[in-house]
Amino acid sequence: NVVETQEHYKSRWRSIWIMYLTMFLSSVGFSIVVMSVWPYLQKIDPTADASFLGWIIASYSVGQMIASPLFGLWSNYRPRREPLVISTAISVAANCLYAYVHVPHSHNKYYMLTARALVGFGAGNVAVVRSYIAGATSLTERTSAMANTSACQAVGFILGPVFQTCFTLIGEEGITWKFLHLQLNMYTAPVLFGALLGVINIILIFAIFREHRVDDMGRQCKSINFEEEESSVLDQDAEGTIDHVAVVAINFLFFVILFVFAVFETIATPLTMDMYSWTRKEAVFYNGIILGVVGIESVVVFMVVKKLSKKTGERAILHGGLLIVLVGFFILLPWGKKLPNIQWQEIKNNSIPRTTSTEMFMPFWSLQAMQLPSNHTVEPVGCPVTQSWCLNTPMIYLAQYISSDILIGLGYPVCNVMSYTLYSKILGPKPQGVYMGWLTASGSGARILGPVFVSQIYTHLGPRWAFSLICGVVVVSLLLLEIVYKRLIAFSVRYGRMQE
């Protein structure tokens with residue numbers, strides 16, 4: 001192992017910054033269209049219903065779940081530039097396909113589904129990004145680098161809908177370029193912008209990104225991903241086996257953390273419409289503001305966590321984060337006597353059947369443009385009587401809902417960063433691509449199952465059951481954390497090469 005030169009240090013951090021950018025762009029790719037998917041889908045294919053929208057939203061996560069371990073495996077044996085460039089190119093192509101889904105004469109919804117699944121497949125490069133950062137940072141640098149990575153991801157999720165909003169100025173008609181068969185409007189402009197960002201990213205990967213690896217102490221190592229080395233052997237520091245109990249435990253905890261957050265996002269709109277008699281437009285608008293604030297809160301938390309973990313260690317903070325999430329969902333349980341307003345109107349005039357179960361499949365942003373038929377001026381509001389629990393479950397007060405949002409917005413980012421950081425430290429100096437791929441895949445799986453779970457439980461049994469079950473899941477994960485607590489230590493600490 002060589003002591004690191006100043007030039008190597010600068011090059012290493014430049015490469016890490018390119019990884020931050022890649023992370024940011026992959027999350028923008030997800031969130032830049034979510035608010036407009038539903039109206040665009042209705043425009044290009046009238047046969048598509050709300051439940052098909054659920055599949056389109058989920059297809060991104062399915063694509064990412066399949067691709068993450070594959071790209072991770074690839075990055076273990078080849079220069080990382082290869083999977084990074086190919087995955088980004090797939091996302092660029094998929095975004096261009098999305099811009100053309102209006103062209104075919106039939107089956108347009110399936111083209112849209114394919115485009116979103118391929119964008120998700122390209123976003124499987126998150127595993128490569130995380131494994132690179134884990135290998136290119138020392139133990140002392142890692143928490144901070146992982147927090148920055150998660151912050152870039154969070155900022156991407158927040159800014160995506162902001163970009164989308166700016167593009168609405170173009171309008172539904174926009175400009176049409178006949179010779180390219182391309183319509184540039186509020187639905188296609190965001191994805192073309194996403195494709196442009198992807199191209200810039202590829203150029204930067206070629207221009208600036210270099211392979212680097214340091215050991216846990218920060219000393220320069222030979223990298224097995226270097227182009228010029230065909231078969232270099234890993235250093236003595238990599239001797240020893242990975243603690244697979246700790247690895248499985250963190251995968252489970254990470255699944256729970258993302259599952260809980262997916263549930264929280266999905267339930268926001270239906271819950272507020274049922275409890276506070278908000279219209280669809282009000283629910284999307286207010287929840288959009290609340291989630292924006294929660295997003296900003298998350299970024300602040302990422303920054304604070306970096307400082308705090310140096311004093312207390314990652315495990316204690318992960319424990320604290322899970323407890324905060326537990327309290328957040330516990331607050332959401334309905335207490336008191338007051339019942340929510342019941343929506344009787346639809347029974348009287350039988351005019352507007354509410355498709356609650358399919359609406360539930362949609363995260364809050366997807367309800368954005370569920371327009372009412374033009375001949376109905378009044379939209380029925382309140383808790384639909386088709387959900388039998390509305391008649392006997394007390395309402396959840398707005399103060400409860402806001403408090404819960406604040407707590408979950410505090411606990412979620414803490415758990416997210418700490419699970420990634422602990423995971424990379426447990427894995428140690430061996431290439432982490434495949435393991436990071438499994439972690440990303442478990443997160444994607446949670447994002448698929450969360451909305452499905454909550455839509456079924458909430459619709460049929462109500463908020464008391466839904467949130468009690470979530471509390472139960474978090475309690476189980478806290479117990480698991482207690483059991484494996486002593487095993488969640490860095491690889492080099494486990495083998496006595498470093499002190500904790």
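The backbone N, Cα and C atoms fix where each Cβ goes, and this holds for glycine too.
What TrEMBL lists as domain 'Major facilitator superfamily (MFS) profile' is 15-489. The transmembrane segment annotation in TrEMBL covers 17-40, 52-72, 84-101, 113-133, 154-171, 191-209, 245-264, 284-305, 317-336, 401-423, 435-459, 465-485.
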**Message:** I need to check the long-range neighbours of the transmembrane segment (245-264): which residues 6 or more away from its ends have a CB within less than 8 Å of a CB in the stretch?
**Reply:** 318, 322, 325, 329, 363, 408, 412, 415-416, 419-420, 422-423, 426-427, 435, 438-439, 442-443, 445-447, 449-451, 453-454, 466, 470, 473-474, 476-477, 480-481, 483-484, 487-488
**Fill in**
In the domain 'Major facilitator superfamily (MFS) profile' (15-489), averaged pLDDT is 82
**Fill in**
Same-chain residues at least 6 beyond the ends of the transmembrane segment (154-171) with CB under 8 Å of its CB atoms are 23-36, 184-186, 189-190, 193, 288, 292, 295-296, 298-299, 302, 365, 413
**Same-chain residues near the transmembrane segment (52-72), Cβ under 8 Å, at least 6 residues beyond its ends** = 30, 34, 37-38, 41, 83, 87, 109, 112-113, 116-128, 131, 358, 361-363, 366, 432-438, 440-441, 444-445, 447-448, 451
**Prompt:** Do we see three or more Cβ pairs under 8 Å linking the transmembrane segment (435-459) and the transmembrane segment (317-336), pairs being at least 6 apart in sequence?
**Reply:** no
**Item:** Stretch among 113-133, 191-209, 317-336, 401-423 sharing the most Cβ pairs under 8 Å with the transmembrane segment (284-305)
**Value:** 401-423
**Fill in**
Sequence-distant residues near the transmembrane segment (401-423) by C-beta distance (under 8 Å, 6 or more away from its ends) are 130, 142-143, 146-147, 149-150, 154, 247, 250, 253-254, 257-258, 260-261, 264, 271-272, 275, 290, 293-295, 297-299, 301-302, 305, 309, 314-315, 317-318, 320-325, 327-329, 331-332, 435-436, 439, 488
**Prompt:** Excluding the flanking five residues on each side, which residues at least 6 beyond the ends of the transmembrane segment (113-133) place their CB within less than 8 Å of a CB in that stretch?
**Reply:** 15-16, 19, 22-23, 26-27, 29-30, 37, 52, 55-57, 59-64, 66-72, 74-76, 80, 83-84, 87-95, 97-98, 101, 142, 145-146, 149, 153, 420, 424, 431-433, 435-437, 439-440, 444
